[in-house]
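Database features, via TrEMBL:
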type	residues	note
COMPBIAS	131-144	compositional bias 'Polar residues'
COMPBIAS	145-154	compositional bias 'Low complexity'
COMPBIAS	184-193	compositional bias 'Polar residues'
COMPBIAS	194-218	compositional bias 'Low complexity'
DOMAIN	2-64	domain 'SH3'
REGION	131-218	region 'Disordered'
């Protein structure tokens, strides 16, 4: 939004002519009207709500922010509302000047509000654009990372520690280390028992034969 033009006093001025106003150096005004017939005099409104003419070579045009002008108008309207004069400086009725200042204030506020909304939208749009770029970049990075993680790998053998554990278990497992010797012992004992039984039977047969032979000799 472009700056608003106002007037600023370069010097002090003491009014001596009708419909002119006094002012101090550095005081601000709204340029109300200029006339080709009176190029050296400009009609202005002061912050005190006064309207009148000032010498054009005693003021300079400057640029101000909209909110400064709105604040100026508020002060001017407030001062004018407190005035007991029905006509201001013999130029304009008080109510008419109030109405024009209020209209000026409303138009400035609307202009300022519209500008603020556009500026806000522009800022949001810019921020959103940055956010979208960052989001897109983040998604791209995530996709790259996910792709790297999902890349097929060649089959790997189980960790060596697992195989070692298995070997240790097979070496020390009761099912193998304890039971197997028991089975072997049982098999050996069974064989021994069979041999002993056969020998016993042979001895009995021999004894029977010897006994039979002895009976025959008798």
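The backbone N, Cα and C atoms fix where each Cβ goes, and this holds for glycine too.
Summarising model confidence by region, the domain 'SH3' (2-64) averages a pLDDT of 93. For the domain 'SH3' (2-64), the number of residues in each DSSP class (helix H, G, I; strand E, B; coil) is 3 helix, 32 strand, 28 coil.
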